[in-house]
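A.B. asks: Okay, handing you the structure first.
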There are 6 protein chains.
Amino acid sequence: MIHRAQGRTPDQLRKVTIERNHTKHAEGSVLVSFGDTKVLCTASVLDKVPPHKKGSGEGWVTAEYGMLPRATHTRSDREAARGKQTGRTQEIQRLIGRSLRAVVDLKLLGEHTIQVDCDVIQADGGTRTASITGAYVALADAVSWMIAQKKIGQTPIKDAIAAISVGVVGGVPMLDLDYSEDSSCDTDMNVVMTGVGGFVEIQGTAEGTPFSVDELNALLGLAQKGIHELIAVQKLVLGE
Amino acid sequence: MIHRAQGRTPDQLRKVTIERNHTKHAEGSVLVSFGDTKVLCTASVLDKVPPHKKGSGEGWVTAEYGMLPRATHTRSDREAARGKQTGRTQEIQRLIGRSLRAVVDLKLLGEHTIQVDCDVIQADGGTRTASITGAYVALADAVSWMIAQKKIGQTPIKDAIAAISVGVVGGVPMLDLDYSEDSSCDTDMNVVMTGVGGFVEIQGTAEGTPFSVDELNALLGLAQKGIHELIAVQKLVLGE
Amino acid sequence: MIHRAQGRTPDQLRKVTIERNHTKHAEGSVLVSFGDTKVLCTASVLDKVPPHKKGSGEGWVTAEYGMLPRATHTRSDREAARGKQTGRTQEIQRLIGRSLRAVVDLKLLGEHTIQVDCDVIQADGGTRTASITGAYVALADAVSWMIAQKKIGQTPIKDAIAAISVGVVGGVPMLDLDYSEDSSCDTDMNVVMTGVGGFVEIQGTAEGTPFSVDELNALLGLAQKGIHELIAVQKLVLGE
Amino acid sequence: MIHRAQGRTPDQLRKVTIERNHTKHAEGSVLVSFGDTKVLCTASVLDKVPPHKKGSGEGWVTAEYGMLPRATHTRSDREAARGKQTGRTQEIQRLIGRSLRAVVDLKLLGEHTIQVDCDVIQADGGTRTASITGAYVALADAVSWMIAQKKIGQTPIKDAIAAISVGVVGGVPMLDLDYSEDSSCDTDMNVVMTGVGGFVEIQGTAEGTPFSVDELNALLGLAQKGIHELIAVQKLVLGE
Amino acid sequence: MIHRAQGRTPDQLRKVTIERNHTKHAEGSVLVSFGDTKVLCTASVLDKVPPHKKGSGEGWVTAEYGMLPRATHTRSDREAARGKQTGRTQEIQRLIGRSLRAVVDLKLLGEHTIQVDCDVIQADGGTRTASITGAYVALADAVSWMIAQKKIGQTPIKDAIAAISVGVVGGVPMLDLDYSEDSSCDTDMNVVMTGVGGFVEIQGTAEGTPFSVDELNALLGLAQKGIHELIAVQKLVLGE
Amino acid sequence: MIHRAQGRTPDQLRKVTIERNHTKHAEGSVLVSFGDTKVLCTASVLDKVPPHKKGSGEGWVTAEYGMLPRATHTRSDREAARGKQTGRTQEIQRLIGRSLRAVVDLKLLGEHTIQVDCDVIQADGGTRTASITGAYVALADAVSWMIAQKKIGQTPIKDAIAAISVGVVGGVPMLDLDYSEDSSCDTDMNVVMTGVGGFVEIQGTAEGTPFSVDELNALLGLAQKGIHELIAVQKLVLGE
């Protein structure tokens, strides 16, 4: 029998907190914690769009992801000093951007860009899922600011979105893996879902033994439960 | 009712060919075609390992991916001239490397690296799945060469591996999307499986409407069928 | 007569807080605030030294500086995405490193590196002076950790060090400029001093009218007062 | 007496083949082989010109060159992964571009760019000369496409162009060096000529002993013979 | 008692020469020598301004700094080959640009840029101060050329500007340190002043023991003397 | 009839000067002028060799080339600021290195590297040929220094080497083209020869009309004459 830290059951999320207005300049600024994983998500509103959207009447939502050098157990090189972002960073920021765009009507956004930055202050597994979950709240705040500023007339947000990791650890499907669980799991899966329960992204990887359809379904069941709870937290902090 | 090019049924692969020994220098060299998608996969054997494997007694398998500038409908910038690889390129080459490592026993490989290069000569959708499918054959040829050269005593390959894309196009789950299908699909999923039928990677993305568990299961069923057929082709060309 | 925000007098610091153990992985981790300027300073202990110190028996202390993209009023490009650090970033991180080395006996440090990272979470003027002031506390914590781990036998820290900005705003010499004061000042000066009151760095720039010896002396007097107070805060939080 | 592979005489070309329409997207797409050297040459028509030609009424022809990592005996680093093109690559692509422009009337091309990509699939010496020879055919096909599309009214091509290497190997002047000959030759020369027999480029390098005017003239004579034959092949495949 | 090379007294400049029209293409071209330190300063007039000045009616003055690889005792890597400028280079070129802008009325310059390049031909300490001192003369020549060309109606130069290093060497405050003095000094300070005697920049660093207000004042007194003499040389060569 | 500047005849070199010991740190330091083209060539002796020569007992000679930003009529971007060297720069520095290696016995050089830097102070055509011609003298001085230092026992220099440009301008073959001649010529050729009169490099390019064998021979005759004269100047300044 696997013992999880803090006596968590296999289907239990870590303590999740979402703090709005964490910094003062951004139109949306959220500090999200999944246990010891802490990510600062800011949403910046820009009155311009990337070239492929110019003149289209549509807006754009995009994301960048970074990790402070000592967010991790041992220090990682600073990407700005190395002169390039790793493949992992690029993969994660593309995932965050796609996930957010899945719940935004780009036409209703008009020719504006919402640029989301997810910067990991402290890492303990699940930084990409915490980023998506927190980024949604920062996005919602930025949209409220745009409406208050009369930059747009109605919200382009179609639904909430959140993400969680699941995995098979020591043969047991588990929800919301921390770093030590993630390092030792057989299968690792990140799931992104909307408020109404549709899948937006499923990324599952067998680190050791390949997984079966049954394991997949068990993991997806856990993920649905976790995301349901995360979206409840989002609604609570947004006062919806 | 959707009409597919060449009168394909929704659960039908495009014409798949795998040509071994396509170029003469590499230890494994395969030209794989999924319809009009053509990828040259070479496997190079290096008598060294990356730093994190030095002195471990284990080997490494890694992959790089590239696309010739005019493999696509309109010319793309050459990554070497731009001075960096796109996020998409990095994501794909990480996927190929992970997939191949899933079926290789790195201990049996000894301190050697098999470096796989997948270069897209012509693109028509499914370049990453064709790459994985062809790369496996190039890998197998490189391993045979190593055994013949007495660099290793037995094969480190534990199982075959192949990949296919599936997606929901116009409401219909379909196998092996070509470029025009991929551009218009609601959900796009890449699936990597082993010969015995375990999942190694599932990457599903809703481009439009989020997808449900039922759609997911339909897509996975199609993928299992397709990969079963691809692995049969691999065995055939390898003379197994 | 100039009115400062929060009714500050010209010779008054903003509210200064230094929070130790802000994140859990680093050997020293400090969140320093000078008013609305907030910088996370981590100190990482590495058991290696840069090439120019190899075999010398001496250690090294170095610093990197970064700013989260939306730490500022409008979003700045992410340096990791641009692929290089700006001249301003490099100038600041060189200053932080030099300042810290001024109070460390590299011989007593042995062949270890203390790598300090200063990442600006929120910027409102004075990010480099807050960085130096906070970095000293993170450094002290890392040194305590090294002693506890028996990596070194005695502290290599010779004195405390702190920094403050001063400037002439609307003709009045002022201490600890916030962003709006910094943007409108005639002369801007950053001063780094040790606990016993020696100057380690003075960097003064006339943005408008050149400044005189008298103005310089008035500014240095203010800086001495401010640094005296900052060092008192450092001692307090370190329990000295 | 030197024995050449396949029993070639010193003044004999390797087997030359030029296959048009090798890939389907490019306006011109040619696979050229000089023996085991195989280069894919595509010509892409762009409705824009580089800055120095904007508003001039003239077009531009330019080339990029690349080598697949395992086109060579041992794997070379991928230039896209290294983040820059080598000096050799830049030298070759500048040569290809200059050679093609020598036979194109840029005024008749109008404000269009023909972008030629030469990618070496398999290398066995003479990749730059095969590239120029094949690129001319791809260019001719792209021009025919432009005329068919009524982008231009008449051909801007003034003459054919081809290239060959010659060298002194073991004291004997030889035509069309393969890799092993090229590696051991004293003098290596690349010659580019037009259909009417004028020189466009001569690049001769003494790798060992400097060469004399007599050797130079012997080499140029061989080159003239070889280019004459190459231009005959070009005409044949173009149906001229 | 410290002996300086060439029997210099502590308050004595090295031999200073400023040669105008050193090269023929630039609008201003000056070779400045402070003893064995030799810097070529060219000023180029461009009929455009950087983006932040477009449409403002104001011009810009900016500087770049470089060092030939063997200007130094041992060869340094060529920055163009390394692919980036060091932090030191960026710090120096930012200092030169700021210093020159301090004496130029950007409104009177109109929408032109004066681009100054300071390239160190031979280094023996004080390259940044020689650069600023020489760059002013090159700037003055470029401005004269602009007036002669009727690009501007009156000079935008408000005052002369020059720079000198001072430092405490072996306990003695000294003017204009050469390389060996600079390498062994306790405190090193670069001072930039205008013709009327105002400070534009003071950058002082304690390399060893921190310095006191008294030492600072002694150094500033030396710097004032040195800059007074440098500005006399500037006026002489400019025929003012 | 073409009039050349300064009344030069078609077969006449510009005024050539070679000044040794131009700067003080390098083991060889030469300022070479071909008319208004001025290049500083330094030769640095390093007690190490590049990886491909390690343990071979042989040395290496290599070259880098640069141009000061305002060496030219209009300012060029600084390559260090752009972050990469142009294709032209790389082509030239490869040519210089190859040319020098043609006259050095790498075995006699032992495991040392002579690193030559050619930096163009002022450009007026022929910078690469002036670079090679001057670099030879810097190399000779560096070799003398090595012998004096007893780093090597005998000279590894086998012969002198020099280079000149020739071209067809207005139908007339001419020697040593200046910038205006080079810009308007039909054919441009750079020739590198040894003291005994062997060719090391011939690089001829038809800028307009292709050239014939007769023109080629006329140009080579001119080049032989010019190089003969250049080598006489080299011998004179080296006191041979």
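Each residue, glycine too, has its Cβ placed from N, Cα and C.
Automatic, uncurated: that is what TrEMBL annotation is.
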A.B. asks: Same phosphate site as E:Gly126, E:Thr127, E:Arg128 according to TrEMBL: which of E:Arg88, E:Arg101?
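C.D. replies: Within the candidate list, TrEMBL flags E:Arg88.
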A.B. asks: Per 10 Å Cβ neighbour count, which of the binding-site residues E:Arg88, E:Arg128 ranks highest?
C.D. replies: E:Arg128
A.B. asks: Which residues does E:Gly126 (phosphate binding site) neighbour through Cβ under 8 Å, counting only same-chain ones at least six apart?
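C.D. replies: Set apart from E:Gly126 (phosphate binding site) by at least 6 residues yet with Cβ under 8 Å, we have E:Phe34, E:Thr37, E:Ile164, E:Ser165, E:Asp176, E:Leu177, E:Asp178, E:Asp182.
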A.B. asks: Counting every protein chain present, what is the number of Cβ atoms, excluding its own, within 10 Å of the Cβ of E:Thr127 (phosphate binding site)?
C.D. replies: 24
A.B. asks: Could you tell me the mean pLDDT over the domain 'Exoribonuclease phosphorolytic' (E:12-142), as a whole number?
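C.D. replies: A mean pLDDT of 97 is what the predicted model shows over the domain 'Exoribonuclease phosphorolytic' (E:12-142).
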A.B. asks: Give the maximum pairwise CA distance in Å, whole number, for the residues E:Arg88, E:Gly126, E:Thr127, E:Arg128 listed as binding phosphate.
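C.D. replies: Pairwise Cα check on E:Arg88, E:Gly126, E:Thr127, E:Arg128 gives a maximum of 13 Å.
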A.B. asks: Would you list, in sequence order, the residues of this chain other than E:Arg88, E:Gly126, E:Thr127, E:Arg128 that have their CB within 8 A of the centroid of the site's CB atoms, where the site is the one recorded for phosphate?
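C.D. replies: The surrounding set, listed in chain order, is E:Tyr65, E:Ile92, E:Val120, E:Ala123, E:Gly125, E:Thr129, E:Ala130, E:Ser131.
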A.B. asks: What subset of the binding-site residues E:Arg88, E:Gly126, E:Thr127, E:Arg128 has a Cβ sitting under 8 Å from a Cβ of chain A?
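C.D. replies: Near chain A: none of E:Arg88, E:Gly126, E:Thr127, E:Arg128.
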A.B. asks: Of the residues in the domain 'Exoribonuclease phosphorolytic' (E:12-142), how many are helix, strand and coil by DSSP?
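C.D. replies: Once the DSSP states are binned, the domain 'Exoribonuclease phosphorolytic' (E:12-142) shows 42 helix, 41 strand, 48 coil.
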